[in-house]
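Engineer: These came from TrEMBL, pasted as-is:
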- 14-124: domain 'Acyl-CoA dehydrogenase/oxidase N-terminal' (DOMAIN)
- 129-223: domain 'Acyl-CoA oxidase/dehydrogenase middle' (DOMAIN)
- 235-384: domain 'Acyl-CoA dehydrogenase/oxidase C-terminal' (DOMAIN)
Amino acid sequence: MAGNKDFDLYRPAEEHDELRKVVRSLAEAKIAPFAAEVDEEGRFPQEALDALVAADLHAVHVPEEFGGAGADALATVIVIEEVARVCASSSLIPAVNKLGSLPVALSGSEDLKKRYLSPLAKGEGMFSYCLSEPDAGSDAAGMKTRAVRDGDYWVLNGVKRWITNAGVSEYYTVMAVTDPEKRSKGISAFVVEKGDEGVSFGAPEKKLGIKGSPTREVYLDNVRIPADRMIGAEGTGFATAMKTLDHTRVTIAAQALGIAQGALDYAKGYVRERKQFGKPIADFQGVQFMLADMAMKLEAARQLTYAAAARSERVDVDLTFFGAAAKCYASDAAMEITTDAVQLLGGYGYTRDYPVERMMRDAKITQIYEGTNQVQRIVMARNLP
Ligand SMILES: Cc1cc2nc3c(=O)[nH]c(=O)nc-3n(C[C@H](O)[C@H](O)[C@H](O)COP(=O)(O)OP(=O)(O)OC[C@H]3O[C@@H](n4cnc5c(N)ncnc54)[C@H](O)[C@@H]3O)c2cc1C
């Protein structure tokens, strides 16, 4: 990926504003009505997938040459942000489609790109990303999943854990050890298909939030795949996985922004309606100051996220710092803003009759996945601008 060096956007251009309007109206009409039910029942948001595919918004990052919308990194952020504003679980459709397929886009052969990015763009199958394992989370390079060469094939064995959209996705980017002597330089990346013999899935995890997005283990039991399904050269899988995260941490920041915006919008409306001491609680300065702080933190997080998106689009040298900083800052802000939204609704905010408690639960995951916020701080410290 050469990067678009002319990309100079710290705030959305007109076409990005237009895109936001389109996604917001689709999200409010076709995704929001099911968000509470999806959370309550812990079911996959099929309505969201159908609506996003119909509008070609399910994997907007796929380049036009492979039949995709060819959206830039900021446009992708805006799509995820607007979907997350109404349903965080549904926002994992465009976000994880980018996470799962970016290794192919960044490092795959032309043939692999054609074979896998085209069906993704058409909505024929989603993509998941399999890096984590039961005993290899923050220390992902300590993975044990093995790939052993056998003639024109690779044979994969191991367990991947916490895989978002596992079981629903058709395609899986799997990182596996090809040379145990070399630690991170002995890891390679592969495309595995749901239908490959020996692939199976664990039971869905029982989670605090993003309950509509299935998180399952992926079991690889003697999965024999053609050698041309390796992404890039042997031993480059970990580097590709990390490069991918530089870009996709910006999309997790986008998810955090969307969740926080949804909570702020709801709280703003509520305080105007709710009356105590004979007047709307919005009239109390103690409430106004909370809303001011929420909006200030959200806007600061948004500016950092959009600055990171511009760096992602241009593939700047300081992208690693900016991707980690945006994810860390926006997710911490989202946790604070959603917690304050619950506070502003008082006892009602603590119930599932109102959406802010779901948003608070959903916000928490953005501080954990694609590297915990402690790990983001390690990444930033190693890549100070
Ligand atoms: C809902 C969900 C969806 C996920 N989706 C995916 C996915 O699609 N694909 C995928 O590959 N993975 C996925 N993950 C995995 C996720 O990225 C990991 O959970 C995360 O990286 C943390 O790893 P861990 O859970 O093993 O925690 P651990 O690594 O065990 O960390 C436990 C605690 O120790 C801290 N810690 C660890 N090392 C250090 C250190 N050096 N310095 C300071 N603190 C440290 C951590 O910050 C954390 O607070 C998902 C996880 C969840 C919960």
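A Cβ is built for glycine as well, from the same backbone N, Cα and C atoms used for every other residue.
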Engineer: Between 0 and 100, where does the mean pLDDT of the domain 'Acyl-CoA dehydrogenase/oxidase C-terminal' (235-384) sit?
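Structural biologist: It averages 98.
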Engineer: What does DSSP give as the helix, strand and coil breakdown of the domain 'Acyl-CoA dehydrogenase/oxidase C-terminal' (235-384)?
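Structural biologist: Per-class counts: 121 helix, 4 strand, 25 coil.
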